[in-house]
Amino acid sequence: MERRMIRSMRLKEEESPGQAYAASCLCGSAPCILCSCCPSSRNSTVSRLLFTGFLLLGVLVSIIMLSPGVESQLHKLPWVCEGAETPGVLQGHIDCGSLLGFRAVYRMCFATAAFFFLFTLLMICVRSSRDPRAAVQNGFWFFKFLILVGITVGAFYIPDGSFSNIWFYFGVVGSFLFILIQLLLLIDFAHSWNQRWLGKAEECGSRSWYAGLFFFTLLFYALSIAAVALLFVYYTHPGTCHEGKIFISLNLVFCLCVSIVAVLPKVQEAQPNSGLLQASVVTLYTMFVTWLALSNVPDQKCNPHLLTQLSNETVLAGPEGYETQWWDAPSIVGLVIFILCTLFISVRSSDHRQVNSLMQTEDCSIALEATQQQQQQQVATSENRVFDNEQDGVTYSYSFFHFCLVLASLHIMMTLTNWYRPGETHKMISTWTAVWVKICASWAGLFLYLWTLVAPLLLPNRDFS
């Protein structure tokens with residue numbers, strides 16, 4: 001009897017950790033998300049990836065709602081849509097138009113933006129994982145998903161009224177700011193790339209790393225020059241398209257100026273890691289934003305993406321009779337860059353001082369020294385594959401990270417709807433607004449990059465670290 005009791009007690013002790021771990025997967029922290037086969041990861045990185053996954057899920061739902069043929073299939077379902085052509089079956093009382101198209105994208109993106117804005121307010125001034133709110137940031141994923149679903153369902157019950165018009169202006173501002181954030185992320189990526197390859201070159205004593213940096217710098221500038229040529233060929237014509245000519249020329253001159261500033265001796269002395277690789281990435285991205293802007297010009301002679309009424313199947317779009325669709329080449333490329341940038345927000349760690357200051361993140365070299373021994377001990381002793389690396393201090397601003405996802409939700413809303421208001425998709429509404437917002441964002445981005453170069457020179461007494 002005693003042996004049986006001892007065995008039963010041991011079995012309970014062995015089962016209890018597993019049961020507690022299962023509960024933590026539902027309500028606890030991020031470590032339960034990864035299985036035993038996954039590599040060791042930081043708690044901060046896993047949490048950001050999961051929140052980004054929520055955003056990308058909303059993007060996927062929005063794309064499905066815009067897909068051709070979905071509405072016709074939805075009308076075939078009994079008891080769903082008003083006016084469903086299903087003989088002998090009760091008709092539904094749901095306006096399927098609110099579940100599809102631009103109206104649905106506005107509501108879906110409103111739900112994701114509201115969800116992340118809630119966490120923006122909740123996570124203000126969280127300093128370490130010892131703060132009780134950090135447990136909410138890094139855990140309770142099932143309940144967070146339910147909250148997102150609840151907000152989404154509620155968003156589809158918002159009356160049309162003035163909601164679309166008001167939310168459109170929120171989208172304009174949010175998209176402008178996120179274009180700047182994308183540029184900052186590209187600067188940060190190019191800086192990390194340049195510094196890593198220069199470090200490899202010094203360690204190995206090989207010139208191949210210098211050759212690689214030179215090759216990619218030359219490639220990015222070549223692509224930028226080719227982009228300028230193509231923009232002049234397809235988006236301008238002799239005697240017309242004056243706005244496009246001015247925009248392309250100005251951005252070309254501005255990119256040339258910042259490239260020269262990046263290699264000035266004074267700038268190189270203050271920032272040895274600055275160089276033409278970062279300038280080439282900024283130049284290429286500026287030409288991309290210029291392309292996005294010109295693809296919204298409401299003039300068919302200056303915009304090859306506008307469709308004309310060539311057959312009865314083409315829908316008229318305003319007095320000129322053209323329309324544009326979100327799945328054209330600029331929108332698809334923009335969607336890809338959006339996904340890459342949102343993923344980079346989740347995994348980034350940098351020692352670029354100016355970018356870290358703007359992005360509200362910590363210098364990775366400082367964080368690495370503070371947590372290296374702690375991480376090694378936790379990885380060696382813990383069965384979980386994700387370890388807490390923020391006990392002494394957070395590695396990124398929780399609140400600012402969620403605010404970036406709010407802006408990302410607004411930006412993708414404007415991208416998928418091609419800067420149209422719902423209910424006005426057959427009119428050339430606000431396209432010049434889109435042009436000016438994107439062009440001004442490109443200029444503001446160039447100014448921000450210029451500031452990261454000259455700030456140490458203009459303010460020598462200030463510690464940018």
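Glycine is treated like the rest: Cβ placed from N, Cα and C.
Record features (TrEMBL):
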TRANSMEM  49-70  transmembrane segment
TRANSMEM  104-126  transmembrane segment
TRANSMEM  138-158  transmembrane segment
TRANSMEM  164-187  transmembrane segment
TRANSMEM  208-234  transmembrane segment
TRANSMEM  246-264  transmembrane segment
TRANSMEM  276-294  transmembrane segment
TRANSMEM  329-347  transmembrane segment
TRANSMEM  395-414  transmembrane segment
TRANSMEM  434-459  transmembrane segment
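The stretch in closest packing with the transmembrane segment (395-414), judged by the count of Cβ pairs under 8 Å and taken from 164-187, 276-294, 329-347, is 164-187.
Here the transmembrane segment (276-294) does not lie next to the transmembrane segment (104-126) in space: the count of CB pairs under 8 Å, restricted to residues six or more apart, is fewer than 3. Using a cut-off of 8 Å between Cβ atoms, the transmembrane segment (246-264) and the transmembrane segment (329-347) share fewer than three residue pairs, counting only pairs 6 or more apart in sequence. Segment contact is absent for the transmembrane segment (104-126) and the transmembrane segment (434-459), given fewer than three CB pairs below 8 angstroms at sequence separation of 6 or more. Contact between the transmembrane segment (164-187) and the transmembrane segment (49-70) is not supported, since fewer than 3 Cβ pairs fall under 8 Å when only residues 6 or more apart in sequence are counted. Only sequence-distant pairs (6 or more apart) were considered; of these, fewer than three Cβ pairs between the transmembrane segment (49-70) and the transmembrane segment (434-459) are under 8 A, so the stretches are not in contact. If one looks beyond the transmembrane segment (208-234) by at least 6 residues along the same chain, the residues whose Cβ comes under 8 Å of a Cβ in the stretch are 194, 197-198, 200-201, 244-245, 248, 252, 255, 275-277, 280-281, 283-284, 287-288, 290-291, 294, 304.
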